[in-house]
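Annotated features, as they stand in TrEMBL:
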- 17-132: domain 'Acyl-coenzyme A oxidase N-terminal' (DOMAIN)
- Thr138, Gly177: FAD binding site (BINDING)
- 278-439: domain 'Acyl-CoA oxidase C-alpha1' (DOMAIN)
- Glu424: active site, proton acceptor (ACT_SITE)
- 462-619: domain 'Acyl-CoA oxidase C-terminal' (DOMAIN)
Amino acid sequence: MEGVDHLAHERNKSEFDVDAMKIVWAGSPHAFVVSDRISKLVASDPGFRKDNRSTLSRKELFKNTLRKAAYAWKTIIDLHLSEEEAAKLRFYVDEPAFTDVHWGMFIPAIKGQGTEEQQQKWLPLAYKMQIIGCYAQTELGHGSNVQGLETTATFDPQTDEFIIHSPTLTSSKWWPGGLGKVATHAIAYALLIVGGREQGVHGFIVQLRSLEDHSPLPGMTVGDIGMKFGNGAYNAMDNGVLRFDHVRIPRNQMLMRVSQVTCEGKYKQSDVPRQLVYGAMLYVRQTIVADASCALSRAVCIATRYSAVRRQFGSQNGGPETQVIDYKTQQSRLFPLLASAYAFRFVGEWLKWLYADVTQRLQANDFSTLPEAHACTAGLKSLTTTATADGIEECRKLCGGHGYLCSSGLPELFAVYVPACTYEGENTVLLLQVARFLMKTVSQLGSSKKPVGTIAYMTRVEHLMQCRCGVQRGFAELSADLVEAAVAHCQLLVVSKFIEKLQQEIPGKGVKQQLEVLCNIYALFLLHKHQGDFLSTGCITPKHAALANDELRSLYSQVRPNAIALVDAFNYTDHYLGSILGCYDGNVYPKLYEAAWKDPLNESVVPDGYHQYIRPLLKQEIRTARL
Ligand SMILES: CCCCCCCCCCCCCCCCCCCCCC(=O)SCCNC(=O)CCNC(=O)[C@H](O)C(C)(C)COP(=O)(O)OP(=O)(O)OC[C@H]1O[C@@H](n2cnc3c(N)ncnc32)[C@H](O)[C@@H]1OP(=O)(O)O
Ligand SMILES: Cc1cc2nc3c(=O)[nH]c(=O)nc-3n(C[C@H](O)[C@H](O)[C@H](O)COP(=O)(O)OP(=O)(O)OC[C@H]3O[C@@H](n4cnc5c(N)ncnc54)[C@H](O)[C@@H]3O)c2cc1C
């Protein structure tokens, strides 16, 4: 039944103002208007079609991505889109591409680590996309251990140049997005050698390809690293390999905000901490946290709508079967994910604020909050991406068999999303950074340096005061436990930022009440999941644990009538969702049936290969049967 809203009865049940919730989700009325307009613009433009992605070959997919990126850029220019609108366009186009790394890493690295002069030279070119950049840090042999990178940049005072070289196979750059086939320039990270002395890893702007014919410049061997997990999906991105053979670049192409090399060959460090070399990672980790709520909410929207459409068992007197969303087991798997999507949204908002704050301070040479910003971005990146990747997979299972179809949108979403657990800092490695920060704080408890900000609570935890003398010992030995402590710290951050959000004025009928329910679900679900830890540390009693569980069940019942409206509040178009199971009108079965016939395998009734392989087999069986 085209045009009928099969989920209307669900929408009628909701007890809050969905339009007001849409604004809370978007962040502000202005953000909502921009997001709504751009998402509809992308959805209505056939140039941004994506429903055929899973059937394209790698080469076709890649070329299609190039076309879309060029078309998106043309749209941005033709419509005079602002930076905010352009970023939304990229988001709703919903395809990993070299442009992500150009805008998301190359430009921020120049902004954060380049001198004024360098910024003036390179940024205008990059903003106009007259050069296309990538971020070439990881090597075949080293990704997590940035200090272990082997590429060298040796200063030659005779010519006032650096010689960039890959001395070993394992020093080949490996993974950078955009490097394989598109980027004309890279920020390449290399071990700086001046006057025979190693000075640590630094970033260098290196031109890779000719701006005339795109051929690699002399001394560069460059290509794509090959197919990645999942058909379609992240294969739209040309992650690349690059070897340097004594490539010479001018001295002024070393990013010199943090440290400088003079023409006489002197290495000078400014007052800026060396950690700013890692600045681009700080920025991207913060955007990854914001993106986590988008990916999770998208999966949750699909699973929630489909759970209201799907019916199994429980028919009474020939009436309809039970909607699977009414099963308590379905609710106990789905609703914590719904609550997590909202929780990550708000912690992402807060992290954006924290990042803006630390950036402002860094510009004024105040580096005091950098360690905390690093711990927060690293920890929340790890926590939210792990939970989101797991959550998308859970949503796929919540959709039963149909969740396994590409047309559910969930397999591709998972395949595109799951590398977020690895890139931009492998999640366990990042948690170890948080643990290190926490242990450092504990070791300073009782001194004049009082913990502030996100670690202020530590002064209130008496137990920590007792164990502080031992914290400098056995870090490696206890690292598995310390990673758990880091996760707990990050969970506390998420819960406390959700609670802080609720302390603000939130307009709209019933909106705040819904958010309170979700916040309680998020916190109590964690308590329930980790009740062993809570009980064994004496933080709660068995009675508390049982009460929490009872309360959770009651909260799930409160969410139930509002579930569809709570996912409608994400305001996703069917184009962005890319899922038949999650379509707004819930008209799932006819759409699934129709889509099946569009599969290339169904172009002919008798498949290619019948005469070659099936028929001889069948005939052979007949002969065998006669024997
Ligand atoms: C107008 C048009 C608009 C158009 C539209 C606009 C569109 C906009 C598009 C936007 C799209 C956006 C999305 C982008 C998508 C990207 C896709 C994904 C790409 C993925 C990219 C990557 O995948 S790219 C490689 C990432 N590769 C890592 O991620 C390595 C991890 N590995 C480490 O990061 C270090 O190796 C590790 C472990 C810390 C040890 O570092 P280490 O060896 O130095 O050792 P230590 O641990 O001793 O650290 C020494 C001291 O540094 C402190 N510290 C460490 N890090 C710090 C930090 N970041 N900030 C501050 N402080 C830091 C630490 O806390 C210590 O401090 P202290 O000494 O005081 O304790
Ligand atoms: C899709 C994708 C896109 C990428 N894009 C880029 C890009 O644009 N630019 C770029 O430079 N890089 C890029 N990367 C590379 C990425 O940043 C690295 O893969 C990532 O930093 C992880 O490093 P690794 O591969 O060396 O993992 P490894 O460090 O080798 O991890 C392997 C295992 O070892 C464990 N481990 C490592 N160190 C420790 C430790 N100290 N203690 C305990 N356990 C440890 C990890 O937890 C993990 O389980 C990309 C990667 C992917 C998958």
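Just so you know, the numbers here start at 1 and follow the chain as drawn.
Just so you know, glycine gets a Cβ as well, placed from its N, Cα and C.
Nobody curates TrEMBL annotations by hand; they come from automatic prediction.
Everything TrEMBL records as a feature, shown here on the structure.
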residue: Thr138; record: FAD binding site; CB count, 10 Å: 18
residue: Gly177; record: FAD binding site; CB count, 10 Å: 25
residue: Glu424; record: active site, proton acceptor; CB count, 10 Å: 25
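The residue listed as 'active site, proton acceptor' sits 10 Å from Thr138 (FAD binding site), counting Cα to Cα.
Under DSSP, Gly177 (FAD binding site) is assigned to coil, being neither helix nor strand in the three-state scheme. For the domain 'Acyl-coenzyme A oxidase N-terminal' (17-132), the model's average pLDDT works out to 96.
Across the domain 'Acyl-coenzyme A oxidase N-terminal' (17-132), DSSP classifies residues as 90 helix, 0 strand, 26 coil.
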